[in-house]
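According to TrEMBL, the disulfide bond annotation covers C38-C64, C48-C63. Per TrEMBL, domain 'P-type' is recorded for 36-73. As annotated by TrEMBL, domain 'ZP' applies to 78-367. Look at TrEMBL and you will find 1-19 tagged as signal peptide.
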Amino acid sequence: MARVVQLGLWLGVLGFVLAQDQSKHFGSQGSDETFHRCQVASFARVLCGDPAISSTDCEALNCCFDQQCYFANEVTVHCLRDGQFMVVVSRAATLPLLDLPSVNLLEGPSGGYCGPVSASPAFAVFQFPVSDCGTTVRVEGDYVIYENKMSSTYEVGVGPLGSITRDSIYELSFQCRYFGSAVVSLVAEVNTVPPPLPVAAPGPLRVELRLASGQCDSKGAHGCADAVYSNYYGDADYPVTKVLREPVYVEVRILERTDPNLVLLLEHCWATSTASPLSLPQWSLLVDGCPYRDDRYQTSLVPVDASSGLLFPSHYKRFIVQMFTFVDPESFVPLKETVFIHCSTAVCHPSATDRCEQRCNSGKQRRSIAPVVKRSPEEKAIVSSKPVVLTNTELTATDQRLHSEGE
């Protein structure tokens, strides 16, 4: 009787080591290792790197070169700069030959397709975001490490006194490491024990809050966000002067990180009349990342996506506040003419339990679709603006109408 069994595989750049070990048990190995790993029929080759890549750069990618660069008869893992894994599995990585249709990622997609993006009788190619398909994340020093695993089915013959299999059994790991200021080459090693639990400690978070100085001539800043957020006030420009209801364009961004999977979250943004974020009075601008519902002139969120031209759009948050001043709670007489803006922020790593998404319903309701996740203090930071001064100059009737129509 035959039974299909699920086997966890750890696939990585050192995959050929186990393949060689198995060949000692199941078949003979040629004396020229390079010749064996590069002996791929021309019609079955999968190109590696750019078409014009040199032989030296090709070898640096752990690929083979014969007029063109192509993947070897092993398991090769590349970390792409756009935050994706690329895993190329060769049928000839083991002896007996690996059953490619049986190789899959252990966990299904959390939003994308996790099967091979292309396949042939000789190779299967997997390509998926490092935050998807069951990837775990952990931190070692300055490195954020994304690690995944694959699975394969193999057939087991079950007899009255025992069970056997004749299929290849094969365990490897693969991972991508991102440094604080650059993407680092893949480092992977063979694992024969279960992987460590994910570590939720991305390290110190550096965040900046700055005010944009660009001009918008249209009705409403959403129609000219690129122009508004093209320039920013420098230290010499402060204090910035505004009149009542004049838009204040705010941007919060992560500094010194190149991990494309990091997502900046704004938990709470508020204003005070002094530089201290704990001082009173205070006025909420955003609550749980959404406009404060009890503000008649609600804060406007400005989407930041791929069309913004930013290298890492998920590292940015933008919103617009209409200028105001604090008043005495009893007499309602204006108290201060200076406003400081503060935001409590958090960095989020997408996972199966936390999609790092904040959605705000229109009207009076607000809600984040992700469950509440406790994050360590190292993932959070409070950032503040420099002073914004309310001037005595009143808006003209035309300006008031334009700002009202742009709400």
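Along the chain as shown, the residues are counted starting at 1.
Heads up, the Cβ atoms here are built off N, Cα and C, so glycines get one too.
Given the structure is predicted, the values throughout are model-derived calculations rather than measurements.
Features as recorded by TrEMBL, highlighted on the structure.
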residue: C38; record: disulfide bond; DSSP class: helix
residue: C48; record: disulfide bond; DSSP class: coil
residue: C63; record: disulfide bond; DSSP class: coil
Least crowded of the disulfide-bonded residues C38, C48, C63, C64, counting other Cβ atoms within 10 Å of each Cβ, is C38
